[in-house]
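Q: Encoded as structure tokens, here's the structure I'll be asking about.
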Amino acid sequence: MLLKNEIVKIEIVDITDEGNGVGKVDGFTIFVPGTAVGDKLRVRLVKLQKHFGYGIIEEMLEPSPDRIEMDCSVYRQCGGCSLRHISYQAELAIKQNWVTQHLRRIGGITAPVLPIIGSPQQDRYRNKTQCPIRDDGQGVCLGMFGKRSHRVIQCTDCKLNPPHFKLILQTVQDFCKEQHISTYNEEKHDGLLRHVYIRDAQATDETMVCLVINGDEIPHSDLLIKQLIANCPSVKSIVLNINKAKTNVILGKTCKTLWGKDHITDILCGVKIELSPLSFYQVNREGAEQLYHIAADFAELTGNELLLDLYCGAGTIGLSMAHKVHELIGVEIIPAAIENAKQNAINNGITNTRFICDDAKGAAAMLKQQGLTPNVVILDPPRKGCEPEVLQTVADMNPQRIVMVSCNSATLARDLAVLQTLGYQTIKAQPVDMFPRTTHVEAIIMMTKCGSEGEK
Ligand code: SAH
């Protein structure tokens, strides 16, 4: 019988998909954050439940060979990275295992899982940050929420972000202090500035600064504009996002351009991509190029196909393949993203496209009713995965191939299992790491219609 506060000896044998190490004491599972496979430790038990418990490191007896020097002063408090203390090679092996286990255990998928493809950059790879800003009574704090908390950890130079984000964040923080701009208080639902959201178009060196406010304007905004463009010359767009709702959702639905353009333009897989603040865009640009090349490979396009890109965002995946298909239809629920997608087709001289702003379920049902028979469907849903009706309608449209792209291999596995009951088989899975140092990993799947020629 284990007791709270008891100290036990443990060897870490696995890492969960939340980033906690796993060890056993007499067959009883203990999760220990901040550990690596092979660590031998003395652990203090801090929480015990019926079938498992949690411990914290009391003493390191023998460190794992996977461990590397921690190079971030806020790593332990911050909720962003979870695998910074582990070599990237070991991180990739862990992520390979997560994807494989989810597919096998949740989906019963036995298809081969190809060796994971790593991110070209392991640090400074992000093109986007959304930093909460709060005043806890001790002064204005700007950075990241702490692990499982809404306390802001001061950090303007996150190692996952490009160095110039720091200039922007510090400019906004100093401006708030000097001009006495109030910051948001979640409990009281008052105060003005909620988040500082920055997005970079890395290929063109254009930066957008979006200030999320619980109000309609920022006092002395002319001064802030001047300071931002003086301190960070790549800033080409400064936007206000109005979010007056009592919610954890970061962005509101309305944007107002304060200065410069209302969008920035990146280049992805050779396609110019306009992005407004509300449009989804992959945070790791070089990683996304790898991902889209694999998606194109799995789609096996010949030039004759009708390609349906459900959950298309600003049109990025479909547009990168438009030259290889007869027609592309994209579906996306966010109006600003669909506007971007349409404009992106025009800006790139791509004319064989149709973009529909609708919920995937409704749009798929409508397209099916119109008798649409896509040859290939790309499904790239948000983390919660696809609704069962979407999967049913896609299967009813009878495409030869389905390419699924997902940043959540648990919901992916669930959705693949559904498609397998609807006449599709999983041919292969390719994990791609787009989010080094964090517990996130992307995966791409090729499925073919059972009995079709693509079957292997
Ligand atoms: N394929 C795009 C976007 C993928 S992210 C890319 O690679 O950039 C998932 C997208 O699905 C987001 O743009 C989100 O706005 C959209 N989305 C979420 N729920 C949806 C729904 N019910 N119907 C259609 N699109 C939805």
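In case you wondered, yes, glycine gets a Cβ from its N, Cα and C as well.
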Q: Where TrEMBL shows Gln282, Glu332, Asp380 binding S-adenosyl-L-methionine, which of Tyr292, Tyr311 is named for the same site?
A: Tyr311
Q: Other Cβ atoms within 10 Å is the metric here; tell me which of the recorded positions Gln282, Glu332, Asp380, Cys407 scores highest.
A: Glu332
Q: For a three-state summary based on DSSP, what are the helix, strand and coil counts in the domain 'TRAM' (1-59)?
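A: So the counts come to 0 helix, 36 strand, 23 coil.
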Q: Take the C-alpha atoms of Glu332 (S-adenosyl-L-methionine binding site) and Cys407 (active site, nucleophile) and report the distance between them in angstrom, rounded.
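A: Counting only the Cα atoms, the answer is 17 Å.
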Q: Output: those recorded positions from Glu332, Asp380, Cys407 whose CB lies less than 6 Å from an atom of ligand 1, in sequence order; none if no residue fits.
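A: Going through Glu332, Asp380, Cys407 in sequence order, those close to ligand 1 turn out to be Glu332, Asp380.
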Q: I want the residues beyond Gln282, Tyr311, Glu332, Asp380 whose C-beta is within 8 angstroms of the mean position of the S-adenosyl-L-methionine site's C-beta atoms, in chain order.
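A: The surrounding set, listed in chain order, is Phe280, Asp309, Cys312, Gly313, Thr316, Ile317, Pro381, Val405.
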Q: Using the residues the record lists for S-adenosyl-L-methionine (Gln282, Tyr311, Glu332, Asp380), what whole-number Å value is the largest Cα to Cα distance?
A: 15
Q: Whole-number answer please: how many Å between the C-alpha atoms of Gln282 (S-adenosyl-L-methionine binding site) and Cys407 (active site, nucleophile)?
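A: Each residue's Cα considered, Gln282 (S-adenosyl-L-methionine binding site) and Cys407 (active site, nucleophile) end up 11 Å apart.
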